[in-house]
Amino acid sequence: MLDILLLRKDLASAVARLETRKKPQAFLNVEAFQALESERKTIQMRTEELQSQRNQLSKQIGMLMGKGEKDAAEAAKAQVAAIKAELDGSATRLDQIQGELQTMLAAVPNLPHESVPVGSDESANVEVRRWSPDGQQPRSLGFTPKDHVDLGEPLGLDFDMGVKLSGSRFTVMKGGIARLHRALAQFMLDVQTQEHGYTECYVPYVVNADSLKGTGQLPKFEGDLFAAQKGGQDAEPVPDNAQLYLIPTSEVPLTNFVRDEVLAEAQLPLKLTAHTPCFRSEAGSYGRDTRGMIRQHQFDKVEMVQIVHPDKSYEALEEMTRHAEAVLQKLGLPYRVMSLCTGDMGFGAAKTYDLEVWLPAQNTYREISSVSNCEAFQARRLQARFKNAQGKNELVHTLNGSGLAVGRTLVAVLENYQNEDGSVTIPEVLRPYMGGQATLSV
């Protein structure tokens, strides 16, 4: 959530930055905001005036009673009662205004950092760097590559079974390919915990609405979530605050560890990681990536979260991006790093890097990780603070990133390590997790 003081101080600048995002008119109704702010100021000024009058009258009442001027004292008491009634009404309206402002701000995305490229869609994203084991360009396989579907189905990917069990955009894995998927997740966790200093966490796969509000998925993106229904058809409706949702990413539970907490500065940075399934409705994705595992309702991901001092968050962003890159480099997978433009960033991000892995069958790069600095945007919603050197409570900065999406990494391994006979060479770093197995073959 944006700092309302920033909007009050320089609304025009904030609006100008918001207008660089996609569909800015959907974020903030400037006229409605200004009207509420004007009414708030009027009420507060009137409240101060009435409080001053009440204090003066209260003093007069004591003096009048002391002089025996009972009628005048009673008249002053009547004025005080009238002022109290008006103050009570003003307080009620002020609470309503504050609530309306909070609801309005909950729908407003984060302000882009000044270093973010300006643009309306992914065509304006800027390539930062690229990497390949053979130099900057991916090597040619020397034959026409198969995609992961044609490669994977003989090896144990079963899309038909996924449809049978759950519907479209679900996948079943069996045998060696299921083991390879598990090996990737274990390898990623080991890299992040043993080499990069993250604490491994096991978290619930369902969370409450407060958790999703804290990280920004609610209220604006409820349509992207899977709600967990309680009871049967005759069960009573679930109150909003008791509704549970399947996690869209373990960023949600991990970041909510610090909700309503005040940390010691010495505890920063907190570096957390978890391997979980993620559940997304993929609303608005009809017709996109319908073949294979690229866009699924359920997929596994190893998530990285850092809770940091505000002065350190952009250093942490670069560090976390390198942590995600390290996994790709150890796997020998060609990739590029993209700085997302203002129109392509997520709701809570101030700056985002996407890592895109090379898929030979598509002859293109596809997203495999997103690493974002949310600055204080989530922390303000979460009331996540630390006690600074001056002894004052200050909002932390939060960052999150994929380290990596396991299913998409499996896709990349299948396609980049395929052989002309349809077998797949297992990357050397994964072989200890595969009992020494060097290839997947029918």
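Including glycine, each Cβ sits where the backbone N, Cα and C put it.
Here Swiss-Prot flags Thr249, Ser250, Glu251, Glu303, Ser402 as L-serine binding site. Long-range C-beta contacts of Ser250 (L-serine binding site), restricted to its own chain and to partners at least six residues apart, with a cutoff below 8 Å, comprise Cys201, Val203, Ala274, His275, Thr276, Cys278, Lys301, Glu303, Val305.
Under the heading ATP binding site, Swiss-Prot lists Arg280, Ser281, Glu282, Glu367, Ile368, Ser369, Ser370. The DSSP secondary structure for Ser369 (ATP binding site) is strand. Neighbour density for Ser369 (ATP binding site): within 10 A of its CB lie 28 other CB atoms from the protein chains shown.
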Exercise. Are there residues of the same chain, six or more positions away from Thr249 (L-serine binding site), whose CB falls under 8 angstroms from its CB, and which are they?
Worked result: Thr276, Cys278, Lys301, Glu303, Asn400
Problem set entry | Alpha-carbon spacing, Ser370 (ATP binding site) to Glu251 (L-serine binding site), which is rounded to whole Å | 12
For this session: Under 8 Å Cβ to Cβ from Ser402 (L-serine binding site), same chain, six or more residues apart: give me those in sequence order, or none if nothing qualifies.
Result: Lys301, Val302, Glu303, Met304, Ala324, Leu355, Ile368, Ser369, Ser370, Val371
Problem set entry | binding-site residues listed as Glu251, Glu282, Glu303, least Cβ neighbours within 10 Å | Glu282
Exercise. How big is the Cα-to-Cα gap, in Å, between Glu367 (ATP binding site) and Glu251 (L-serine binding site)?
Worked result: 18
Problem set entry | Among Ser281, Ser370 [binding-site residues], residue with fewest other Cβ within 10 Å | Ser281
Exercise. With a radius of 8 angstroms around the mean position of the C-beta atoms of Thr249, Ser250, Glu251, Glu303, Ser402, what other residues of the same chain does the L-serine site pick up?
Worked result: Val252, Leu254, Ala274, Thr276, Cys278, Lys301, Val302, Met304, Val305, Asn400, Gly401
